[in-house]
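Asks: Have a look at the structure that comes next, please.
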Amino acid sequence: LIPYHALPLPWRINPFIHTGYRFTPSLLSALLSPLLLSNEFTNIWTHLLPILLIYNYHVSFPYSLSHPRDNLLAISYFASAILSLLCSVAWHSFRCSSQIQIMSAFVSVDIMAVSLILTSFSIVTIHTAFYAQPEVARVYITSCLVWCVMGMALPWTDFFRPEEVAPLVIKRRMGERGWNLPSRSWTRVAFFCALGAQGAVLPSVHATWLNGWGYTRRIFGLAAWVVMPIFWGSVVYGGKFPERRWPGRFDYWGNSHNIWHVA
């Protein structure tokens, strides 16, 4: 294990996590990250354990009592949730790879998973909100799928990657350009806000107009119980709390990324 200051620049993502970094050229060693102690150990297992819980819920789900269309949506959502968590596990496992192309590829995989789970959740909510208006639901679901395809493709472009990774990749491909590239975080923020708006805000307004506020509030009120912990977890993650306040004390557990995963 090595300290933060010993990492090459693209691997320095959180300056408040001081120790516990793995850095290896071996893909097998990276693949074994879930079994090896590092500052990614908690991040990995806070996603591996929910995968087991989701699979158990899928196995016990009363599919025989539901309409085939509802079952298809439920299976799709469970599969998307598991796949998204696996993508995150892959990123946290291969973040230690010293091969820049490998590391940057798994950054893209992790970002791609965000689009997948957001889209899946939006589709389930839309399906429920417009259960009596399947034609309207199909329009919004089609829109969600189009945005999801874009969300799968954009993370593989240089200017959609996190700024700590993209400059070196571009430099390798296009020659000496240095590190003076603008941050592209605004691109990701704008895209995910738009994805969320077309999958939640617009359908909720439309559902209120068609079905009334009482019905819509029940549907999207339940959705809020899922979304709000993720939102506040994102706020904690963005603020890098508590490690920003106590640098080096939360290197292995209890840091902002761990809290975000639990949320």
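Cβ atoms here come from the backbone N, Cα and C positions, even for glycine.
Please treat TrEMBL annotations as automatic predictions, because they have not gone through curation.
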Asks: Among H67, H92, H127, find me the residue TrEMBL lists at the same Zn(2+) site as H257, H261.
Replies: H92
Asks: Using a Cβ-Cβ cut-off of under 8 Å, list the residues of the same chain that are 6+ residues beyond the ends of the transmembrane segment (44-63) and lie near it.
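Replies: Apart from its flanks, the transmembrane segment (44-63) reaches 33-34, 71, 74-75, 78, 81-82, 85-86, 88-89, 92-93, 258, 261-262.
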Asks: If you take the centroid of the Cβ atoms of H92, H257, H261, the listed Zn(2+) site, which other residues of that chain have their Cβ within 8 Å of it?
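Replies: Once H92, H257, H261 are set aside, the remaining close residues are E40, T42, N43, I44, T46, H47, S88, N258, W260.
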Asks: So which residues does the transmembrane segment (75-94) touch in its own chain, when a touch means Cβ under 8 Å and the partner is 6 or more beyond its ends?
Replies: 27, 30-31, 33-34, 40, 43-44, 47-48, 50-51, 54-55, 57-58, 61, 102-103, 106-107, 109-110, 112-114, 116-117, 119-121, 123-124, 261
Asks: Going by DSSP, is H261 (Zn(2+) binding site) sitting in a helix, a strand, or coil?
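Replies: SS state of H261 (Zn(2+) binding site) = helix.
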Asks: Ranking the binding-site residues H92, H257 by other Cβ atoms within 10 Å, which is at the bottom?
Replies: H257
Asks: Can you give me the same-chain residues 6 or more apart in sequence from H261 (Zn(2+) binding site) with a CB-CB distance under 8 Å?
Replies: T42, N43, T46, H47, S88, G233
